[in-house]
Amino acid sequence: MELNTLKSTFINNFGKEPNSLFFSPGRINLIGEHIDYNGGFVFPCPITLGTFAAASLRDDRICRAYSLNFESLGVIEFSLDDLSYKKEDNWTNYLKGVLKVLIEKGYKIDKGIDLVINGNLPNGAGLSSSASLEMLIVKILDTFFSLNISKVDAALIGKEVENTYIGVNSGIMDQFAISLGEKDKAILLDCNSLYYEYVPLNLGDNSIIIMNTNKRRELADSKYNERRKECDDSLDTLKKYTNISSLCELTSLEFETYKDKIEDSNKLRRCVHAISENERVKDAVKALKENNLELFGQLMNQSHISLRDDYEVTGKELDTLAENAWKQPGVLGARMTGAGFGGCAIAIVNNAHVDEFIKNVGQAYKDAIGYEASFYVASIGNGPTEL
């Protein structure tokens with residue numbers, strides 16, 4: 001259905017059939033939260049929700065773009081000769097940013113495109129709708145102009161667009177998880193070295209349920225910066241006593257030796273989270289390789305508790321979802337995912353219990369919070385593809 005709407009919208013706006021259809025996923029992080037900047041591992045995977053596109057190559061230097069998610073904006077038009085950021089160009093700044101970065105890197109792009117997109121990722125929910133769009137655009141341009149961009153380079157290009165063009169200080173995880181995504185696999189990634197490893201994620205009779213608090217992450221940025229500073233300060237203190245360059249180089253056992261050097265109790269708890277979370281990621285990967293989904297679920301639960309009690313980034317909404325999820329039959333594990341303070345939580349739920357799970361957790365959330373959460377059943381999909 002979505003593809004038919006996409007095609008008909010393309011024909012209505014541009015008077016012809018599109019050359020090609022494309023899809024780019026969103027992502028979740030299964031475990032390994034708030035440790036990418038502490039030298040730790042993240043463990044994301046692409047999901048079957050994402051951004052769809054219909055696109056055609058033009059024979060001039062004009063780009064025309066229309067989004068079914070922002071219909072009131074109509075068709076936004078610009079030329080390859082002016083790729084400067086303009087606030088009024090809204091979401092198409094991502095298209096302009098990717099074009100600008102690619103052209104500056106010497107890729108030959110000499111014609112414009114017509115583009116219609118439609119995403120089914122909720123905006124502002126922490127499922128990486130912007131990285132999904134960036135990787136979609138790279139895929140389209142790579143296909144149309146035969147640019148031969150590697151998957152790792154595609155991720156780095158997306159990060160550069162975010163950092164230098166859009167002006168968001170994001171890391172590499174989102175673009176990497178999407179660009180290198182493979183069906184039924186998660187990616188163990190060290191964001192500093194870009195070392196990565198695919199880990200098969202066979203969920204058997206279970207699905208991933210994404211639970212959206214429907215609370216925008218308005219606190220996330222200020223608290224995120226605060227947490228980073230607390231970790232950086234702690235690292236500076238520990239460096240006086242041990243030769244490390246990041247918190248996650250320490251094991252919990254090693255940290256026991258030095259923890260009395262951190263006098264501030266808040267900073268101490270931040271360290272405890274970072275170091276224990278990195279160990280949980282390694283344990284989670286081992287559990288999956290041994291097909292031990294039960295242990296994997298328990299580690300997810302422990303991760304949420306650590307983020308709630310030691311890192312203090314969950315908040316009432318995410319806690320309500322996770323804590324009610326734990327009580328339901330057929331649940332292997334549940335935790336917040338992303339930056340916290342709103343956004344989404346995830347649960348791994350037996351397929352026979354999914355409907356009951358959504359009904360029970362949804363009702364408990366509405367009773368406690370006063371408005372509804374949204375639920376999405378997702379599986380682990382491929383990276384950006386031409387359909």
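For all residues, glycine too, the Cβ spot is worked out from N, Cα and C.
Residues annotated as site 'Transition state stabilizer' in Swiss-Prot, with sequence analysis given as evidence: R27. Neighbour count (other Cβ atoms within 10 Å of the Cβ, all protein chains): 32 for R27 (site 'Transition state stabilizer'). In the three-state DSSP reading, R27 (site 'Transition state stabilizer') counts as strand.
Marked as substrate binding site by Swiss-Prot: E33, H34, I35, D36, Y224. Look at I35 (substrate binding site): DSSP puts it in coil.
Look at Swiss-Prot and you will find S67, G124, A125, G126, L127, S128, S129, S130 tagged as ATP binding site. Of all the Cβ atoms in the protein chains shown, 16 others lie within 10 Å of the Cβ of G124 (ATP binding site).
When secondary structure is read from DSSP and collapsed to three states, E162 (Mg(2+) binding site) falls in the helix class. Summarising the annotation, Swiss-Prot assigns Mg(2+) binding site to S130, E162 and lists sequence analysis as the type of evidence.
Following the DSSP three-state reduction, the secondary structure of D174 (active site, proton acceptor) is helix. Under the heading active site, proton acceptor, Swiss-Prot lists D174.
Counting only same-chain residues at least 6 apart in sequence, those with a Cβ under 8 Å from the Cβ of A125 (ATP binding site) are N212, G343, C344.
Residues G32, Y37, N38, G40, V42, R227, E277, A339 surround the recorded substrate site, their Cβ atoms falling within 8 Å of the Cβ centroid of E33, H34, I35, D36, Y224, which are themselves excluded. Closest in space to L127 (ATP binding site), of the recorded positions given as R27, D36, D174, Y224, is R27, taking the CA atom of each residue.
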